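Noted in TrEMBL for the protein shown:
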TRANSMEM  A:9-32  transmembrane segment
TRANSMEM  A:52-81  transmembrane segment
TRANSMEM  A:93-114  transmembrane segment
TRANSMEM  A:134-160  transmembrane segment
TRANSMEM  A:192-210  transmembrane segment
TRANSMEM  A:216-232  transmembrane segment
TRANSMEM  A:239-257  transmembrane segment
TRANSMEM  A:263-281  transmembrane segment
Amino acid sequence: MALPLAQELIFGLVIGSYIALGAIGFTLVYGLVNMINFAHGEFITIGAFVGYLAVVFGGVSLPVALLVALLVAAVTGWAIARLTFEPMNDAGAVPLLLMSIGLGLVLRNGMRAIAGPDRRNVPVAVTTYRFDDLGFFVTSNQLFIIGVTLFAVLVLHLFLSRTMVGISMRATADNERLALVSGIDTRQIRNAVWLAASGLAGVAGVMLAVSQSANPSVGFGQLLLIITAAILGGAGSPYGAVAGSYLLGVGIAVSVAFLPADIVALSSTMAFAILIVVLLVRPGGIANTEVRTS
Amino acid sequence: MSLLEVTELDAGYGDLQVLFGVDLHVTEGEYVAIVGPNGAGKSTVMKAVVGLATHMGGEIRFDGEDITGLEPQTRIERGLGYVPQTENIFPTLTVEENLKIGGYLLGGLPDDRQEAVVEQFPILAERLDQRAGNLSGGQQQMLAMARALIPDPPVLLLDEPSAGLAPDLVDTVFDHIDAVNDRGVTVVIVEQNAKTALRRCDRGYVLTQGENRYTDEGDALLNDPEVRKQFLGGGDSPTG
């Protein structure tokens, strides 16, 4: 007996997994650094290229490549933030937003100048598991992507709920001023946020390099979906961002199955449509966080 | 010797000056109340002491050392405990996580400190796993004090601890403050509720328009006809 929607659900989980790790980082930066980072997609692209280089030229296995991309993207993203955003931290949301748009453009075109516009595939052996009775199939690649994402979310959860830095991060997102007069070193917290956000972006980049390709705009292509998922989940809430990503992923997969092809061919149109509906109906998102004025 | 010594303090927010040459001295173990009408700058004194206001002149010494130029977080590290008037808890964190944040400077929440503080505020004991935002107003105020007391600070600064609380809870909160002071913690409170604060404290300051107006023992201020007439709504002496 074929299960209706089983295949769409799997596609949706895969799409959601691509989005989730990027969305967590984006929302952490939004909640703790109080900025909308339009260069977040480029941190993903850095991870994609590092993963590609590690596998193709370094000859390492995929899990090792993930770890390398995590570390390189984390340190690179942190360093970029320290050089560009941190010195103007008190300037307010709009200058930071403009800086991030400019920075994203520079990074994207910089990578295009170095790597060229080619799409580089990371070669991996793919096994397909068919469940014809139930009416769906799943590839080893898809399982890998969903598994890595769920593992990363679990690690993040343990970090945010069990460690002093993690709890301090949530406290700072709740109330930065109270965090300051509780003795929390908010600059150290921002450093930790940039490391975590860029590191997760790096992992997302490798997953995209494996299933699609490493190219200079692979991360930027995800940005709209990431922003939609973060707002859908309640901007600033990492758990909301995960929920928002999977909801968006499944929403896109199901709409692809049921809506006319010429509408869904523009999957960014779907993301925009969902974003508009969410903003109108529930601006606080799933986590119903306060909508910030900044 | 004064534990906290504020001399000729000018402070405000940005370009707006609120305090004009305010003096405040607090001796170890004392319980001091700062009262005065709305807009007198009471809370600003406290914010200036912890480093949240713009410093414009004068000196703040704590435990013999000049802390005037230090970051808020360094002042807290030196031993100032501070409870803001509003938004003084982390609402999405659990009660226990709020206490953990209190232990940030200790690198964690030592069991003995958690026990000591929960013993002082038993209402928190069975609510450790609850989201702090779900607590009632009175419970949130207890949690805010408990969080600030985790590092065992020599001084506790409380900004309007009774604001927005039901009358019966006001007494409970003041009883807790008495208990904290009885355990040897120096207490400075800013209060709208001037009569209660002056009755409870050792010494009081009356502030108007950003300047010191009167200072004396709490009872003496309560019985001072001028203070009563101008700031306590007149009438008979509350203690007499």
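Cβ coordinates are placed from backbone N, Cα and C, and glycine is handled just like the others.
At the 8 Å Cβ threshold, with sequence separation of at least 6, the transmembrane segment (A:239-257) lacks contact with the transmembrane segment (A:93-114), having fewer than 3 such pairs. If you look at the transmembrane segment (A:192-210), the same-chain residues 6 or more away from its ends with a CB under 8 A from one of its CBs are 17-18, 20-22, 24-26, 28-29, 32-33, 37, 40, 43-52, 62, 65-66, 69-78, 80-82, 120-122, 124, 141, 144-145, 148-149, 152, 156, 159, 165, 169, 218-219, 222. Tertiary proximity for the transmembrane segment (A:93-114) is limited to same-chain residues at least six positions away from its ends with a CB under 8 Å from its CB atoms, namely 33-42, 45-46, 49, 80, 84-85, 216-217, 220, 294. Residues 33, 39, 43, 46, 103, 107, 120, 122-124, 144, 148, 191, 194-203, 205-206, 209-210, 214 of the same chain lie 6+ residues outside the transmembrane segment (A:52-81) yet bring a C-beta within less than 8 angstroms of a C-beta in it.
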